[in-house]
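Participant: Sharing the record's features from Swiss-Prot:
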type: BINDING; residues: 99, 104, 122, 123, 124, 150, 151, 164; note: S-adenosyl-L-methionine binding site
């Protein structure tokens, strides 16, 4: 599938990966160590650099809030990595980041798991231009950004679908359903009371092809006060 044409925007940053924000680096190293997320120094450098790239692109395109209430390295980068606490990304695994926006959670996870293949999809061309620019600047060989609507991905199959969107779980499951392989899973970063969302997703699954067959909730509010009421949601396909 060929990406759609999108607006040409020049990358706002084109610097080597070095001498990046030492405070952000120390924060990320400490956070990852506290959760047993093993990353080498080069991966830490790339994650910090990605945070900088995200901020620079955000000045041109609305990728994340411009009124941040927490450091980008915590609120966006580390938050994305927390999915790996509940899903072991493996070599050769095919992962779809649905509605990636500014590359979240796909780019941080692609940095952390270089042997896993990530496809980042968004319906907004400018966002995909930004994502591909960041992927290129970071030198990632296992991530690709595609300008597409989910309905246009027919015929593709993935082991895992990721989402950080605010859409209800039933909607996300509906998007993921035709794209997930048998035994695959949908992993979402969500917040708030999800009881009704989960019930609706399970009901709809039971009335269609059985996906999701189960839903797990993993609270992350004990990791940082910022993650109050936030959870990782794992919806499985048998």
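Think of each number as a place in line: the chain as shown, counted from 1.
Glycine residues also receive a Cβ, built from the backbone N, Cα and C atoms like all the rest.
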Participant: Do any residues at least six apart in sequence from residue 122 (S-adenosyl-L-methionine binding site), in the same chain, have a Cβ closer than 8 Å to its Cβ, and if so which, in order?
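Facilitator: Set apart from residue 122 (S-adenosyl-L-methionine binding site) by at least 6 residues yet with Cβ under 8 Å, we have 99, 100, 101, 128, 131, 145, 147, 148.
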Participant: Considering each pair of residues in 99, 104, 122, 123, 124, 150, 151, 164, all listed as binding S-adenosyl-L-methionine, report the largest CA to CA distance in Å, no decimals.
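Facilitator: Per the listed residues, the maximum Cα distance equals 20 Å.
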Participant: Reduced to three states, what secondary structure does DSSP give residue 122 (S-adenosyl-L-methionine binding site)?
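Facilitator: Strand, per DSSP.
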Participant: Using a 10 Å radius around its CB, how many other CB atoms surround residue 104 (S-adenosyl-L-methionine binding site)?
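Facilitator: Around the Cβ of residue 104 (S-adenosyl-L-methionine binding site), 27 other Cβ atoms lie within 10 Å.
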Participant: Specify the count of other C-beta atoms within 10 Å of the C-beta of residue 150 (S-adenosyl-L-methionine binding site).
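Facilitator: So the Cβ neighbour count for residue 150 (S-adenosyl-L-methionine binding site) comes to 19.
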Participant: Minimum Cβ neighbour count within 10 Å among the binding-site residues 123, 124, 151, 164: which residue?
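Facilitator: Relative to the other binding-site residues in 123, 124, 151, 164, 151 has the fewest Cβ atoms within 10 Å.
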